[in-house]
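**Q** Here it is: the structure, laid out below.
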(Lines of atoms letter the chains of each structure in order from A and count residues from 1; the text may use other names and numbers.)
(Lines give C-alpha, C1' and ligand atoms only; values in the text may rest on other atoms or scores of the structure.)
Protein backbone atom coordinates (compact mmCIF):
# COMPACT_ATOMS: atom_id res chain seq x y z
CA UNK A 1 0.00 0.00 0.00
CA UNK A 2 1.48 3.37 -1.01
CA UNK A 3 2.11 6.02 1.61
CA UNK A 4 -0.25 8.45 -0.14
CA UNK A 5 -3.07 5.90 -0.25
CA UNK A 6 -2.46 4.93 3.38
CA UNK A 7 -2.52 8.57 4.48
CA UNK A 8 -5.73 9.11 2.53
CA UNK A 9 -7.20 6.05 4.25
CA UNK A 10 -6.28 7.43 7.69
CA UNK A 11 -7.76 10.82 6.87
CA UNK A 12 -10.98 9.19 5.66
CA UNK A 13 -11.15 7.04 8.78
CA UNK A 14 -10.63 10.10 10.99
CA UNK A 15 -13.35 12.05 9.20
CA UNK A 16 -15.71 9.07 9.39
CA UNK A 17 -15.17 8.63 13.12
CA UNK A 18 -15.73 12.33 13.71
CA UNK A 19 -18.95 12.40 11.70
CA UNK A 20 -20.70 9.45 13.31
CA UNK A 21 -24.11 10.53 14.56
CA UNK A 22 -24.85 9.21 18.04
CA UNK A 23 -28.34 7.85 18.64
CA UNK A 24 -30.18 7.60 21.94
CA UNK A 25 -33.61 6.32 22.86
CA UNK A 26 -35.49 8.01 25.70
CA UNK A 27 -38.59 6.08 26.72
CA UNK A 28 -40.77 8.14 29.04
CA UNK A 29 -42.96 6.11 31.37
CA UNK A 30 -44.36 6.17 34.89
CA UNK A 31 -42.47 4.09 37.45
CA UNK A 32 -43.25 3.70 41.18
CA UNK A 33 -40.64 5.19 43.55
CA UNK A 34 -40.66 5.09 47.35
CA UNK A 35 -39.29 8.03 49.33
CA UNK A 36 -40.13 9.72 52.63
CA UNK A 37 -42.22 6.72 53.78
CA UNK A 38 -44.57 6.76 50.78
CA UNK A 39 -44.74 5.45 47.23
CA UNK A 40 -45.93 7.26 44.12
CA UNK A 41 -45.58 6.90 40.36
CA UNK A 42 -43.21 9.39 38.75
CA UNK A 43 -42.28 10.16 35.17
CA UNK A 44 -38.88 8.74 34.22
CA UNK A 45 -36.66 8.31 31.20
CA UNK A 46 -35.69 4.67 30.66
CA UNK A 47 -37.06 3.94 34.16
CA UNK A 48 -34.19 5.95 35.70
CA UNK A 49 -34.37 8.79 38.21
CA UNK A 50 -32.39 10.94 37.67
CA UNK A 51 -32.23 10.18 33.97
CA UNK A 52 -29.35 8.84 31.87
CA UNK A 53 -26.17 10.82 31.20
CA UNK A 54 -25.44 11.80 27.60
CA UNK A 55 -21.74 12.02 26.66
CA UNK A 56 -20.60 13.94 23.58
CA UNK A 57 -17.58 15.70 22.15
CA UNK A 58 -17.66 19.37 21.32
CA UNK A 59 -19.39 19.94 18.00
CA UNK A 60 -21.19 16.58 17.89
CA UNK A 61 -24.71 16.12 16.59
CA UNK A 62 -26.86 13.51 18.30
CA UNK A 63 -30.33 12.13 17.69
CA UNK A 64 -32.60 11.34 20.63
CA UNK A 65 -35.77 9.39 19.91
CA UNK A 66 -38.24 10.32 22.64
CA UNK A 67 -40.96 7.71 23.03
CA UNK A 68 -43.85 8.87 25.18
CA UNK A 69 -45.26 5.83 26.95
CA UNK A 70 -46.66 7.86 29.84
CA UNK A 71 -50.16 9.20 30.40
CA UNK A 72 -49.39 12.90 29.89
CA UNK A 73 -47.79 15.13 27.27
CA UNK A 74 -44.03 15.58 27.18
CA UNK A 75 -41.33 17.60 25.39
CA UNK A 76 -37.54 17.70 25.88
CA UNK A 77 -35.22 20.68 26.13
CA UNK A 78 -31.44 20.55 25.80
CA UNK A 79 -30.57 23.25 28.30
CA UNK A 80 -27.46 25.23 27.39
CA UNK A 81 -27.22 23.72 23.89
CA UNK A 82 -27.53 26.57 21.41
CA UNK A 83 -28.98 24.42 18.60
CA UNK A 84 -27.73 26.64 15.74
CA UNK A 85 -30.52 27.23 13.19
CA UNK A 86 -32.48 24.35 14.73
CA UNK A 87 -35.26 25.68 16.99
CA UNK A 88 -37.42 22.70 15.94
CA UNK A 89 -35.62 20.54 18.51
CA UNK A 90 -35.33 23.10 21.31
CA UNK A 91 -38.34 21.71 23.13
CA UNK A 92 -40.48 24.21 25.11
CA UNK A 93 -44.11 23.20 24.75
CA UNK A 94 -46.19 25.42 22.45
CA UNK A 95 -43.18 27.70 21.93
CA UNK A 96 -41.17 25.63 19.43
CA UNK A 97 -43.29 22.49 19.17
CA UNK A 98 -46.58 20.95 20.10
CA UNK A 99 -46.27 18.21 22.72
CA UNK A 100 -45.41 14.57 22.16
CA UNK A 101 -48.69 12.99 23.15
CA UNK A 102 -49.01 9.63 24.92
CA UNK A 103 -48.19 6.79 22.55
CA UNK A 104 -46.26 9.06 20.15
CA UNK A 105 -42.56 9.53 19.34
CA UNK A 106 -40.37 12.40 18.17
CA UNK A 107 -36.74 12.31 17.01
CA UNK A 108 -34.82 15.29 18.38
CA UNK A 109 -31.75 16.45 16.47
CA UNK A 110 -29.43 18.04 19.04
CA UNK A 111 -26.65 20.11 17.49
CA UNK A 112 -23.71 20.94 19.75
CA UNK A 113 -21.48 23.85 18.75
CA UNK A 114 -19.72 26.10 21.27
CA UNK A 115 -20.54 24.12 24.45
CA UNK A 116 -17.38 23.01 26.28
CA UNK A 117 -18.25 21.32 29.57
CA UNK A 118 -21.48 20.38 31.36
CA UNK A 119 -25.00 21.17 30.20
CA UNK A 120 -28.19 19.22 30.81
CA UNK A 121 -31.50 18.04 29.45
CA UNK A 122 -34.96 18.17 30.98
CA UNK A 123 -38.62 17.94 30.10
CA UNK A 124 -40.24 21.24 29.15
CA UNK A 125 -43.96 20.57 29.48
CA UNK A 126 -45.72 21.86 32.60
CA UNK A 127 -43.71 20.67 35.64
CA UNK A 128 -42.64 17.33 34.17
CA UNK A 129 -38.98 18.28 34.56
CA UNK A 130 -39.30 17.63 38.32
CA UNK A 131 -38.26 14.03 37.65
CA UNK A 132 -37.42 14.01 33.93
CA UNK A 133 -33.90 15.38 33.73
CA UNK A 134 -30.26 14.38 33.34
CA UNK A 135 -26.76 15.67 32.67
CA UNK A 136 -24.84 16.08 29.41
CA UNK A 137 -21.06 15.68 29.61
CA UNK A 138 -19.26 17.58 26.83
CA UNK A 139 -15.61 16.66 26.20
CA UNK A 140 -12.98 18.48 24.12
CA UNK A 141 -12.61 17.21 20.59
CA UNK A 142 -9.01 16.07 20.02
CA UNK A 143 -6.54 17.66 19.68
CA UNK A 144 -8.19 20.20 22.01
CA UNK A 145 -7.32 19.79 25.68
CA UNK A 146 -8.81 20.94 28.96
CA UNK A 147 -7.54 24.26 30.35
CA UNK A 148 -7.36 22.71 33.83
CA UNK A 149 -5.79 19.49 35.21
CA UNK A 150 -7.62 16.37 34.13
CA UNK A 151 -9.40 14.70 37.04
CA UNK A 152 -8.99 11.04 37.94
CA UNK A 153 -12.75 10.49 38.08
CA UNK A 154 -16.00 12.28 37.21
CA UNK A 155 -18.92 12.61 39.63
CA UNK A 156 -22.41 13.67 38.47
CA UNK A 157 -24.38 15.57 41.10
CA UNK A 158 -27.96 16.64 40.44
CA UNK A 159 -29.62 18.76 43.12
CA UNK A 160 -33.39 18.57 43.12
CA UNK A 161 -36.69 18.66 44.98
CA UNK A 162 -39.17 15.91 45.90
CA UNK A 163 -42.89 16.14 46.58
CA UNK A 164 -44.74 13.33 48.32
CA UNK A 165 -47.80 14.29 46.27
CA UNK A 166 -48.06 13.79 42.54
CA UNK A 167 -46.47 16.90 41.02
CA UNK A 168 -49.37 17.13 38.57
CA UNK A 169 -51.73 17.59 41.51
CA UNK A 170 -49.49 20.31 42.95
CA UNK A 171 -49.60 22.22 39.66
CA UNK A 172 -53.31 21.71 39.05
CA UNK A 173 -54.14 22.95 42.53
CA UNK A 174 -52.20 26.21 42.50
CA UNK A 175 -53.25 27.01 38.93
CA UNK A 176 -56.89 26.40 39.85
CA UNK A 177 -56.87 28.30 43.15
CA UNK A 178 -54.60 31.17 42.19
CA UNK A 179 -52.41 30.70 45.26
CA UNK A 180 -48.79 29.67 45.65
CA UNK A 181 -47.80 26.02 45.07
CA UNK A 182 -47.16 23.75 48.02
CA UNK A 183 -43.47 23.67 48.86
CA UNK A 184 -41.56 20.46 48.27
CA UNK A 185 -41.14 17.89 51.04
CA UNK A 186 -37.42 17.28 50.54
CA UNK A 187 -34.32 18.40 48.73
CA UNK A 188 -32.30 15.70 47.02
CA UNK A 189 -28.77 14.85 45.89
CA UNK A 190 -28.92 12.54 42.85
CA UNK A 191 -32.50 11.73 43.80
CA UNK A 192 -31.64 10.85 47.42
CA UNK A 193 -33.12 12.97 50.24
CA UNK A 194 -30.50 11.95 52.81
CA UNK A 195 -30.75 10.58 56.31
CA UNK A 196 -32.12 13.75 57.96
CA UNK A 197 -35.52 13.04 56.38
CA UNK A 198 -37.98 10.35 57.56
CA UNK A 199 -37.45 6.82 56.20
CA UNK A 200 -34.29 7.94 54.38
CA UNK A 201 -31.39 6.37 56.28
CA UNK A 202 -30.64 4.12 53.32
CA UNK A 203 -31.70 6.74 50.77
CA UNK A 204 -28.57 8.87 51.07
CA UNK A 205 -26.08 9.67 48.31
CA UNK A 206 -22.65 8.23 49.10
CA UNK A 207 -19.44 9.27 47.35
CA UNK A 208 -16.36 7.16 48.01
CA UNK A 209 -13.02 8.79 47.16
CA UNK A 210 -9.40 7.73 47.24
CA UNK A 211 -6.82 9.78 49.10
CA UNK A 212 -4.72 11.87 46.71
CA UNK A 213 -7.11 11.62 43.76
CA UNK A 214 -8.94 14.49 42.06
CA UNK A 215 -12.64 14.29 41.22
CA UNK A 216 -14.47 16.44 38.71
CA UNK A 217 -17.97 17.17 39.95
CA UNK A 218 -20.43 17.97 37.17
CA UNK A 219 -23.39 19.61 38.89
CA UNK A 220 -26.78 21.01 37.96
CA UNK A 221 -29.45 22.58 40.11
CA UNK A 222 -32.55 20.79 38.81
CA UNK A 223 -34.74 22.04 41.67
CA UNK A 224 -38.03 23.52 40.57
CA UNK A 225 -38.12 26.66 42.68
CA UNK A 226 -35.02 27.02 44.85
CA UNK A 227 -31.53 28.47 44.44
CA UNK A 228 -29.24 26.40 46.65
CA UNK A 229 -26.07 26.64 48.69
CA UNK A 230 -23.81 23.55 48.55
CA UNK A 231 -20.63 22.56 50.36
CA UNK A 232 -18.56 19.54 51.41
CA UNK A 233 -17.14 19.51 54.93
CA UNK A 234 -13.39 20.24 55.19
CA UNK A 235 -12.97 20.18 51.40
CA UNK A 236 -12.63 23.19 49.14
CA UNK A 237 -13.96 23.15 45.60
CA UNK A 238 -12.20 24.64 42.58
CA UNK A 239 -14.90 25.84 40.19
CA UNK A 240 -13.65 25.65 36.59
CA UNK A 241 -16.79 25.98 34.47
CA UNK A 242 -20.26 27.54 34.56
CA UNK A 243 -23.16 26.86 32.19
CA UNK A 244 -21.02 24.84 29.80
CA UNK A 245 -18.17 27.37 29.44
CA UNK A 246 -14.72 27.61 31.02
CA UNK A 247 -14.15 30.23 33.71
CA UNK A 248 -11.17 31.53 35.62
CA UNK A 249 -10.76 28.97 38.45
CA UNK A 250 -12.45 29.90 41.74
CA UNK A 251 -11.47 28.22 44.99
CA UNK A 252 -14.57 28.09 47.19
CA UNK A 253 -15.68 26.61 50.50
CA UNK A 254 -19.30 26.78 49.30
CA UNK A 255 -21.09 27.46 46.03
CA UNK A 256 -24.41 29.06 45.13
CA UNK A 257 -26.30 27.54 42.23
CA UNK A 258 -29.69 28.62 40.87
CA UNK A 259 -32.22 26.40 39.07
CA UNK A 260 -30.99 25.75 35.54
CA UNK A 261 -27.33 26.49 36.22
CA UNK A 262 -24.49 23.99 35.83
CA UNK A 263 -21.06 24.07 37.47
CA UNK A 264 -17.93 21.96 37.02
CA UNK A 265 -15.76 21.70 40.12
CA UNK A 266 -12.54 19.93 41.07
CA UNK A 267 -12.57 18.15 44.42
CA UNK A 268 -9.19 17.13 45.81
CA UNK A 269 -9.37 14.17 48.19
CA UNK A 270 -6.77 15.51 50.61
CA UNK A 271 -8.27 15.00 54.07
CA UNK A 272 -7.88 12.41 56.82
CA UNK A 273 -9.15 9.16 55.24
CA UNK A 274 -10.32 7.79 58.59
CA UNK A 275 -12.99 10.48 58.94
CA UNK A 276 -16.45 10.82 57.44
CA UNK A 277 -17.41 14.07 55.73
CA UNK A 278 -20.88 15.26 54.81
CA UNK A 279 -21.96 17.27 51.81
CA UNK A 280 -25.07 19.39 52.16
CA UNK A 281 -27.41 21.60 50.18
CA UNK A 282 -30.10 23.97 51.39
CA UNK A 283 -32.09 26.85 49.98
CA UNK A 284 -31.05 30.42 49.40
CA UNK A 285 -34.22 32.48 49.75
CA UNK A 286 -34.15 36.25 50.13
CA UNK A 287 -37.88 36.87 49.76
CA UNK A 288 -40.71 36.80 52.26
CA UNK A 289 -42.38 33.59 51.04
CA UNK A 290 -42.86 30.02 52.21
CA UNK A 291 -40.09 27.69 51.07
CA UNK A 292 -38.48 24.36 51.88
CA UNK A 293 -35.89 25.27 54.52
CA UNK A 294 -34.69 21.70 55.12
CA UNK A 295 -31.23 20.33 54.32
CA UNK A 296 -30.27 17.39 52.14
CA UNK A 297 -27.18 15.46 53.20
CA UNK A 298 -24.78 13.19 51.32
CA UNK A 299 -21.78 11.26 52.61
CA UNK A 300 -18.16 11.48 51.47
CA UNK A 301 -15.82 8.79 52.75
CA UNK A 302 -12.39 7.48 51.76
CA UNK A 303 -11.68 4.00 50.42
CA UNK A 304 -9.09 3.35 53.14
CA UNK A 305 -11.46 4.27 55.96
CA UNK A 306 -12.17 1.51 58.44
CA UNK A 307 -15.39 3.19 59.53
CA UNK A 308 -18.74 1.78 58.52
CA UNK A 309 -20.10 3.35 55.34
CA UNK A 310 -23.54 4.04 56.78
CA UNK A 311 -25.26 7.26 57.70
CA UNK A 312 -24.47 8.57 61.13
CA UNK A 313 -24.22 11.84 62.99
CA UNK A 314 -20.55 11.41 63.91
CA UNK A 315 -18.94 12.97 60.84
CA UNK A 316 -17.94 16.52 59.92
CA UNK A 317 -20.73 18.78 58.67
CA UNK A 318 -20.11 21.65 56.24
CA UNK A 319 -20.84 25.25 57.10
CA UNK A 320 -23.39 26.82 54.78
CA UNK A 321 -24.45 30.48 54.61
CA UNK A 322 -27.70 31.43 56.30
CA UNK A 323 -30.72 30.94 54.05
CA UNK A 324 -31.20 34.67 53.32
CA UNK A 325 -27.53 35.66 53.04
CA UNK A 326 -27.67 37.66 49.83
CA UNK A 327 -24.08 38.85 50.18
CA UNK A 328 -22.92 35.22 50.30
CA UNK A 329 -25.08 34.20 47.34
CA UNK A 330 -24.05 37.04 45.04
CA UNK A 331 -20.55 37.08 46.47
CA UNK A 332 -20.16 33.74 44.73
CA UNK A 333 -22.09 34.66 41.57
CA UNK A 334 -19.97 37.75 40.96
CA UNK A 335 -16.68 35.84 41.26
CA UNK A 336 -17.43 34.00 38.02
CA UNK A 337 -15.34 35.40 35.15
CA UNK A 338 -14.87 34.18 31.60
CA UNK A 339 -11.57 32.33 31.11
CA UNK A 340 -10.84 34.18 27.89
CA UNK A 341 -11.01 37.97 27.89
CA UNK A 342 -11.77 40.49 25.19
CA UNK A 343 -14.62 38.62 23.48
CA UNK A 344 -17.64 40.58 24.71
CA UNK A 345 -19.24 42.84 22.08
CA UNK A 346 -18.42 46.46 22.93
CA UNK A 347 -20.78 48.21 20.51
CA UNK A 348 -24.47 47.36 20.70
CA UNK A 349 -27.22 47.66 18.09
CA UNK A 350 -30.18 47.59 20.42
CA UNK A 351 -30.94 48.02 24.12
CA UNK A 352 -34.02 46.40 25.59
CA UNK A 353 -35.01 47.10 29.19
CA UNK A 354 -37.57 44.89 30.90
CA UNK A 355 -38.92 44.58 34.39
CA UNK A 356 -39.60 41.21 36.02
CA UNK A 357 -42.37 41.28 38.59
CA UNK A 358 -44.71 39.22 40.71
CA UNK A 359 -48.24 40.47 40.13
CA UNK A 360 -51.84 40.04 41.24
CA UNK A 361 -54.99 39.57 39.19
CA UNK A 362 -58.35 40.21 40.72
CA UNK A 363 -60.83 37.33 41.10
CA UNK A 364 -64.65 37.57 41.28
CA UNK A 365 -65.78 38.02 44.88
CA UNK A 366 -62.11 37.76 45.95
CA UNK A 367 -62.46 34.01 45.53
CA UNK A 368 -58.84 33.06 44.81
CA UNK A 369 -56.11 32.07 47.26
CA UNK A 370 -53.59 34.79 46.52
CA UNK A 371 -53.22 37.89 48.73
CA UNK A 372 -56.61 39.46 49.52
CA UNK A 373 -58.46 36.87 47.47
CA UNK A 374 -56.53 37.62 44.28
CA UNK A 375 -54.72 35.37 41.80
CA UNK A 376 -50.90 35.37 41.75
CA UNK A 377 -49.27 36.15 38.41
CA UNK A 378 -45.89 37.21 37.03
CA UNK A 379 -44.77 39.40 34.17
CA UNK A 380 -42.03 40.94 32.06
CA UNK A 381 -42.64 44.61 31.26
CA UNK A 382 -46.07 44.18 32.83
CA UNK A 383 -47.10 41.53 30.28
CA UNK A 384 -48.03 38.20 31.82
CA UNK A 385 -47.18 35.78 29.02
CA UNK A 386 -50.01 33.55 27.84
CA UNK A 387 -48.70 30.34 26.30
CA UNK A 388 -50.60 29.27 23.17
CA UNK A 389 -52.65 26.13 23.55
CA UNK A 390 -53.25 24.90 19.99
CA UNK A 391 -50.37 25.98 17.71
CA UNK A 392 -46.78 26.63 18.76
CA UNK A 393 -45.18 30.00 18.04
CA UNK A 394 -42.42 28.56 15.83
CA UNK A 395 -44.93 26.88 13.53
CA UNK A 396 -47.02 30.05 13.41
CA UNK A 397 -43.95 32.12 12.53
CA UNK A 398 -42.55 29.71 9.95
CA UNK A 399 -45.86 29.12 8.17
CA UNK A 400 -47.24 32.66 8.65
CA UNK A 401 -50.23 31.54 10.72
CA UNK A 402 -52.10 34.57 12.01
CA UNK A 403 -53.61 35.12 15.44
CA UNK A 404 -51.19 33.02 17.51
CA UNK A 405 -48.96 35.81 18.84
CA UNK A 406 -48.40 39.54 18.68
CA UNK A 407 -45.15 41.43 18.10
CA UNK A 408 -45.62 44.31 20.51
CA UNK A 409 -43.49 43.31 23.46
CA UNK A 410 -42.22 46.71 24.67
CA UNK A 411 -38.52 47.56 24.59
CA UNK A 412 -38.96 49.76 27.65
CA UNK A 413 -41.07 49.46 30.81
CA UNK A 414 -44.53 50.84 30.03
CA UNK A 415 -44.59 52.64 33.38
CA UNK A 416 -41.58 54.21 35.06
CA UNK A 417 -41.66 54.17 38.87
CA UNK A 418 -39.33 53.50 41.75
CA UNK A 419 -39.03 49.81 40.91
CA UNK A 420 -37.57 48.79 44.28
CA UNK A 421 -39.49 51.02 46.71
CA UNK A 422 -40.87 49.45 49.89
CA UNK A 423 -44.46 50.55 49.21
CA UNK A 424 -45.94 50.45 45.72
CA UNK A 425 -49.32 51.72 44.44
CA UNK A 426 -51.75 48.83 44.07
CA UNK A 427 -52.60 49.64 40.45
CA UNK A 428 -49.04 48.67 39.45
CA UNK A 429 -49.67 45.08 40.52
CA UNK A 430 -52.10 44.20 37.72
CA UNK A 431 -50.46 42.90 34.52
CA UNK A 432 -51.77 42.65 30.98
CA UNK A 433 -52.36 39.11 29.71
CA UNK A 434 -50.94 38.61 26.20
CA UNK A 435 -48.77 36.48 23.92
CA UNK A 436 -46.32 39.14 22.77
CA UNK A 437 -42.90 38.44 21.23
CA UNK A 438 -39.90 40.61 20.41
CA UNK A 439 -38.61 40.41 16.81
CA UNK A 440 -34.87 40.95 16.33
CA UNK A 441 -32.94 41.37 13.09
CA UNK A 442 -30.25 38.80 12.37
CA UNK A 443 -26.82 39.90 13.55
CA UNK A 444 -27.94 42.64 15.92
CA UNK A 445 -25.92 43.00 19.11
CA UNK A 446 -28.54 43.09 21.84
CA UNK A 447 -28.12 44.48 25.33
CA UNK A 448 -30.90 43.28 27.59
CA UNK A 449 -31.33 44.89 31.01
CA UNK A 450 -33.58 42.96 33.40
CA UNK A 451 -34.82 44.97 36.37
CA UNK A 452 -36.40 43.29 39.38
CA UNK A 453 -39.26 45.04 41.16
CA UNK A 454 -40.64 44.99 44.68
CA UNK A 455 -44.24 44.48 43.57
CA UNK A 456 -46.16 41.94 45.70
CA UNK A 457 -44.20 40.81 48.71
CA UNK A 458 -41.15 43.01 48.37
CA UNK A 459 -39.41 41.28 45.47
CA UNK A 460 -37.62 38.00 44.81
CA UNK A 461 -34.58 36.65 42.98
CA UNK A 462 -35.20 35.48 39.41
CA UNK A 463 -32.84 33.09 37.58
CA UNK A 464 -33.48 34.02 33.95
CA UNK A 465 -32.69 31.50 31.21
CA UNK A 466 -32.36 32.27 27.50
CA UNK A 467 -32.78 29.48 24.94
CA UNK A 468 -30.69 29.44 21.77
CA UNK A 469 -27.86 31.62 23.07
CA UNK A 470 -25.23 32.12 25.68
CA UNK A 471 -24.80 35.71 26.82
CA UNK A 472 -22.24 37.89 28.55
CA UNK A 473 -23.31 39.14 31.97
CA UNK A 474 -21.76 42.60 31.72
CA UNK A 475 -23.43 44.09 34.80
CA UNK A 476 -25.12 43.13 38.07
CA UNK A 477 -26.43 45.57 40.65
CA UNK A 478 -28.86 46.23 43.48
CA UNK A 479 -31.52 48.91 43.45
CA UNK A 480 -32.72 50.65 40.30
CA UNK A 481 -30.85 50.54 37.02
CA UNK A 482 -30.27 54.07 35.72
CA UNK A 483 -32.47 53.86 32.65
CA UNK A 484 -31.76 57.47 31.66
CA UNK A 485 -28.00 56.95 31.46
CA UNK A 486 -27.01 57.20 27.81
CA UNK A 487 -23.85 55.08 28.05
CA UNK A 488 -23.73 52.85 31.15
CA UNK A 489 -20.82 50.79 29.83
CA UNK A 490 -18.33 52.52 32.14
CA UNK A 491 -19.99 50.60 34.99
CA UNK A 492 -19.86 47.28 33.11
CA UNK A 493 -17.31 44.51 32.97
CA UNK A 494 -16.44 44.41 29.27
CA UNK A 495 -13.15 42.58 29.86
CA UNK A 496 -13.96 39.12 31.23
CA UNK A 497 -17.69 38.91 32.11
CA UNK A 498 -19.15 35.43 32.63
CA UNK A 499 -20.57 33.73 29.56
CA UNK A 500 -23.77 31.99 30.63
CA UNK A 501 -27.25 30.92 29.63
CA UNK A 502 -28.88 31.39 33.06
CA UNK A 503 -28.27 34.31 35.39
CA UNK A 504 -30.03 35.37 38.57
CA UNK A 505 -31.52 38.84 38.82
CA UNK A 506 -31.02 39.80 42.48
CA UNK A 507 -34.00 40.68 44.60
CA UNK A 508 -34.74 44.35 43.91
CA UNK A 509 -31.74 44.53 41.61
CA UNK A 510 -30.82 44.17 37.96
CA UNK A 511 -28.58 42.45 35.46
CA UNK A 512 -27.34 43.58 32.04
CA UNK A 513 -26.52 40.94 29.43
CA UNK A 514 -25.28 41.08 25.85
CA UNK A 515 -25.58 38.60 23.01
CA UNK A 516 -25.23 38.57 19.24
CA UNK A 517 -28.48 37.57 17.55
CA UNK A 518 -26.79 35.20 15.10
CA UNK A 519 -29.04 32.17 15.66
CA UNK A 520 -32.24 32.49 13.62
CA UNK A 521 -35.35 31.02 15.15
CA UNK A 522 -37.88 31.28 17.93
CA UNK A 523 -36.24 31.34 21.36
CA UNK A 524 -37.85 31.30 24.79
CA UNK A 525 -36.66 33.37 27.74
CA UNK A 526 -38.13 32.70 31.16
CA UNK A 527 -37.59 32.60 34.87
CA UNK A 528 -36.29 29.15 35.84
CA UNK A 529 -38.33 29.17 39.03
CA UNK A 530 -41.16 27.12 37.57
CA UNK A 531 -43.92 28.76 39.59
CA UNK A 532 -42.93 32.11 38.04
CA UNK A 533 -42.79 30.58 34.56
CA UNK A 534 -46.27 29.12 35.10
CA UNK A 535 -47.50 32.54 36.21
CA UNK A 536 -46.18 34.24 33.05
CA UNK A 537 -42.62 35.55 33.63
CA UNK A 538 -41.65 34.75 30.05
CA UNK A 539 -40.98 36.30 26.68
CA UNK A 540 -40.16 34.96 23.22
CA UNK A 541 -37.48 36.37 20.92
CA UNK A 542 -37.84 35.78 17.19
CA UNK A 543 -34.50 36.21 15.44
CA UNK A 544 -35.10 36.69 11.73
CA UNK A 545 -33.18 34.88 9.01
CA UNK A 546 -29.98 36.38 7.67
CA UNK A 547 -29.20 36.78 3.98
CA UNK A 548 -26.90 33.79 3.57
CA UNK A 549 -28.11 30.17 3.42
CA UNK A 550 -26.17 29.32 6.59
CA UNK A 551 -27.98 32.14 8.40
CA UNK A 552 -31.46 30.71 7.96
CA UNK A 553 -33.64 28.35 9.98
CA UNK A 554 -33.27 24.70 8.98
CA UNK A 555 -36.34 23.05 7.41
CA UNK A 556 -38.75 21.43 9.87
CA UNK A 557 -38.39 17.68 10.53
CA UNK A 558 -40.93 15.34 8.97
CA UNK A 559 -42.02 13.81 12.28
CA UNK A 560 -42.69 17.05 14.17
CA UNK A 561 -45.52 16.38 16.65
CA UNK A 562 -48.82 17.56 15.17
CA UNK A 563 -50.81 20.44 16.60
CA UNK A 564 -54.56 20.26 17.02
CA UNK A 565 -56.21 23.58 16.27
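Glycine residues also receive a Cβ, built from the backbone N, Cα and C atoms like all the rest.
Small disclaimer: the values here were computed from a predicted structure and weren't measured.
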**Q** Looking at the Cu cation 2 binding annotation from Swiss-Prot, with 79, 528 already listed, which candidate in 23, 122 is the matching residue?
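**A** Matched candidate out of 23, 122, per Swiss-Prot for Cu cation 2 with 79, 528: 122.
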**Q** Need a hand: Swiss-Prot gives 527, 532, 537 for Cu cation 4, which of 400, 462, 465 is also on that list?
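**A** Swiss-Prot lists 527, 532, 537 binding Cu cation 4, and from 400, 462, 465 it also lists 462.
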**Q** 467, 526 bind Cu cation 3 in Swiss-Prot, but which of 124, 133, 153 does that record place at the same site?
**A** 124
**Q** Do you know which of 292, 382 is annotated N-linked glycosylation site by Swiss-Prot?
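**A** Cross-referencing 292, 382 with Swiss-Prot, N-linked glycosylation site lands on 382.
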**Q** Which of the listed glycosylation sites (234, 324) has the least company, meaning the fewest other Cβ atoms within 10 Å of its Cβ?
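**A** Ranked by other Cβ atoms within 10 Å, the glycosylation sites 234, 324 bottom out at 324.
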**Q** Between residue 528 (Cu cation 2 binding site) and residue 124 (Cu cation 3 binding site), what C-alpha distance do you get in Å?
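**A** A Cα-Cα distance of 11 Å.
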**Q** Which one, from the binding-site residues 79, 122, 124, 467, 526, has the smallest tally of other C-beta atoms lying within 10 Å of its C-beta?
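**A** Ranked by other Cβ atoms within 10 Å, the binding-site residues 79, 122, 124, 467, 526 bottom out at 122.
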**Q** Across all protein chains in the structure, which of the glycosylation sites 182, 293, 372, 382, 482 has the highest Cβ count within 10 Å?
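**A** The largest 10 Å Cβ neighbour count belongs to 382.
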**Q** What residue among the glycosylation sites 73, 418 has the most other CB atoms lying within 10 A of its CB?
**A** 73
**Q** Give me the sequence-ordered set of same-chain residues, not including 124, 467, 526, with a C-beta within 8 angstroms of the centroid of the Cu cation 3 site's C-beta atoms.
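**A** The answer, listed by sequence position, is 77, 90, 91, 92, 95, 465, 524, 525, 533, 538.
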**Q** As a test of reading the model: what is the averaged pLDDT for the domain 'Plastocyanin-like 1' (27-143)?
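**A** Taking every residue of the domain 'Plastocyanin-like 1' (27-143) together, the mean pLDDT is 99.
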**Q** Please report the three-state DSSP label of residue 372 (N-linked glycosylation site).
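**A** The three-state answer is helix.
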